[in-house]
Amino acid sequence: MKLKLATLALGATMAAAPVMADLVFPSLSYRTGPFAAGGIPFADGYADYFTLLNERDGGIGGEMASVPECETAYNTEKGVECYEATKDSGALIYQPLSTGITYQLIPKVTADGIPLHTMGYGRTSAKNGKVFSHVFNYPVNYWDGASVGVNHFMKQAGGSLEGKKITLLHFNGAYGREPIPTLEALSAKHGFDFNAIPIDYPGQEQKSQWLQIRRERPDFILFWGWGVMNQVAVQEAANIRFPMENFMGIWWSGSENDVIPAGDGANGYKSLQFHNVGNDFPVFDDIQKYVVDAGKAAGAGDQVGTVLYNRGVYAAFLAAEAAKQAQAANGTSAIDASMMRDAMESLEITAATMEAAGLPGFGPEFKVSCENHGGDGLAAVGQWDAASQSWSLISDFEPSDGSVIGPLVDADSAAYAEENKVAMSCN
Amino acid sequence: MPDQLIFGMEVFLNGLMAGVLYALVALGFVLIYKASGIFNYAQGVMALFSALTLVGIMEGQIPFAHLINAIFGTELHHFGWHVPGILAIVLTMAVMVLLAICVQKFVFRHLVGQEPIILFMATIGLAYFLEGVGDLMWGSEIKKLDVGLPQGINLAIDETTFGWFGYGFFIDNLDIVATIIAALLVAVLVIFAQYTKQGRAMRAVADDHQAALSVGVSLNFIWVMVWSVAGFVALVAGIMWGTKSGVQFSLSLIALKALPVLMLGGFTSIPGAIVGGLIIGVGEKLFEFAIGPLVGGATENWFAYVLALIFLVFRPQGLFGEKIIERV
């Protein structure tokens, strides 16, 4: 009996563990819990892109990619457990899709020498690679998002925000409070009134916040929400008849999930995006052919082309491109985390790179360096059309205000360096 | 009239409406606790499960489709029909009754006479089980729920108050409907408990289940009945909250809103759940309005518990709870 159990246990371990020669891209996913509706499409997109590379191209540079999943349920403690459980599997990169988990992993990945990519989330000042050697947040961060949003409102207001009022409606936590310093600085620069209204987790009840908005009548609202908070906010905005074209969410408040429950009332709602939307890209034809139709999709295959699925694909694409560049730079296909980190620090995504991957114009072009782990901070504005039930980009990928964000990044990263005794350097 | 007073009146009215929605969730807890002494941790998940089932039936979704497809390689998703809202509600209620029978037969029947903490732990297990089954049956994507309830600003109130104060009050039509439904629900529950044979039997079981047994009351039947009624209340709460936010797994978190209501109103009183809900709703909204801006806002979650705790200092059994005196 004991022998049988031991054999079963060994078999299970062998089945679960990645083959050590694979390129390992652990996926700290959340397919359960209150945030599953956002976590599932991202995890599916992330896994499906690597499956596509394996099935169509024979892997990356001849090495098969493996994507072991670990369920975090968007819980920080579980996320850290997942990291500890998978880091010795040859992990090349982590993308935890959670600001809370990111904050806990920053010192750990730095000590373990594994790069952490927090694409459009996490600690904004990680853009400074002289302080955060193993943390990358390209192509864009929250402060870029706040700046691009304000720029868009400025254009909408005819070129000036003087005397206008912008309200930040936000998740009452580290994630939601991230853009406040930027918006305060932009308020001083452009002469608009700014106030912030927090919403406590989970955000199912937002009557107080929307009554306040109705009383104060801001000209524009920026919104930093996640999970059920998004759907309720869009519904409440529709209820008080706030003009939807003046209401813009960050990219985590701009998926189909967030607007469909509000029906026609959500029409015209805007959201920042750092990658394109829809499924009109060659890569999705290949995913359909090699992954979904072949029965190898990570999920049900019904999320292809949705905003968060696309984000998962984009995250995997950026990781795969860094792996390719690491292989080229080191002359070996069997790269390790250190090589991956170095490649991420010199990553360049051009139009040609995206075209070659079947993603023409899918995201902004950008270049990473030691001084700049955050890329060029370009974001676009998307708008929801309730009739066609689809998002479309209504602007190009446009730059943020570097003159405001640069000093804020320097100040915050310097404070982190001092607090944690990190010597600033570029290797 | 000063602006702040007018705004305060609007906040007060919205607080009352929010309180009704909290009370709807709290009612389910009260019913089960009153009849069986079980604090049902799964009440929030029951609201989620019922709302998921309702949308699934309305949309003609095939239950366990993903599982069936994964095992048999099929491509099944929908039956191809849509079920009208009323019929879907009736069918969902049938599912909730079936659930009540299963819960009683497979869980609590085997735990009769156990310590309250054991029963509580069983409801925690039930919550996780139901959440998992709900996911397997209906999927985890966010679903739009539309049973025809009106939503958005009530224009009549807006225009009337504008005429009076020069400022139109915002009252959500959905909140008005929820208030009417909650009032009807409470009236029906009170009449049921006071004037029907089954209701009196339920109260007898609540007072002393052994004595009730001795006079021929069937414990099994009463507990199935109570879990079914709690399932119905969960369905009503699931419809109201699901209409606001779409049906999604965070719906189970509405239970968090019920806890301070229960602490304040008492675990054993139906009117207590209503009055407690109203006090919490109004209290948290007025506090957020008056004090929130001074302390950075987002006070509602913690203030509801502080308010409940303040009441507990003076009435540990809650406003309407039964005072338990144990003589040594």
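The backbone N, Cα and C atoms fix where each Cβ goes, glycine too.
Keep in mind that TrEMBL annotations are predicted by a computer and have not been checked by a curator.
Annotated transmembrane segment per TrEMBL: B:12-33 (among others), in sequence order.
Annotated transmembrane segment per TrEMBL: B:45-67 (among others), in sequence order.
Among the features that TrEMBL reports, transmembrane segment is placed at B:79-99 (among others).
Same-chain residues lying 6 or more positions outside the transmembrane segment (B:111-130) and placing a CB less than 8 Å from one of its CB atoms are 36-42, 44-46, 48-49, 99, 103, 219, 252. According to TrEMBL, the transmembrane segment annotation covers B:111-130 (among others).
Marked as transmembrane segment by TrEMBL: B:176-196 (among others). When Cβ-Cβ distances below 8 Å are used as the criterion, the transmembrane segment (B:176-196) is approached by residues 16-17, 20-21, 23-24, 27, 31, 149-150, 154, 202-203, 229, 233, 236, 240, 270-271, 274 of the same chain, each at least six residues removed from its ends.
Cβ atoms under 8 Å from those of the transmembrane segment (B:217-241) belong to residues 21, 24-25, 27-28, 31-32, 35-36, 40, 43, 46-51, 54, 89, 92-93, 96-97, 99-101, 103-104, 108-109, 112, 145, 147, 149, 174, 178, 181-182, 185, 189, 192, 198, 201-202, 204-205, 209, 247, 251, 254 of the same chain, restricted to positions at least 6 beyond its ends. Among the features that TrEMBL reports, transmembrane segment is placed at B:217-241 (among others).
Annotation source TrEMBL lists transmembrane segment at B:261-282 (among others).
Look at TrEMBL and you will find B:294-314 (among others) tagged as transmembrane segment. Residues of the same chain lying 6 or more positions beyond the ends of the transmembrane segment (B:294-314) and with a Cβ under 8 Å from any Cβ of it are 256-257, 259-261, 263-264, 276, 279-280, 283-285, 287-288.
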Long-range neighbours of the transmembrane segment (B:12-33), counting only residues six or more past its ends (CB under 8 A):
39-40, 43-44, 46-47, 169-172, 175-176, 178-179, 182, 185-186, 189, 226-227, 229-230, 233-234, 236-237, 240-241, 254-255, 257-258, 261-262, 265, 267-270, 272-274, 276-286
Which residues, given as numbers and ranges, are at least 6 beyond the ends of the transmembrane segment (B:79-99) yet have a Cβ under 8 Å from it?
46, 49-50, 53-54, 57-62, 130, 146-148, 224, 227-228, 231-232, 234-235, 239
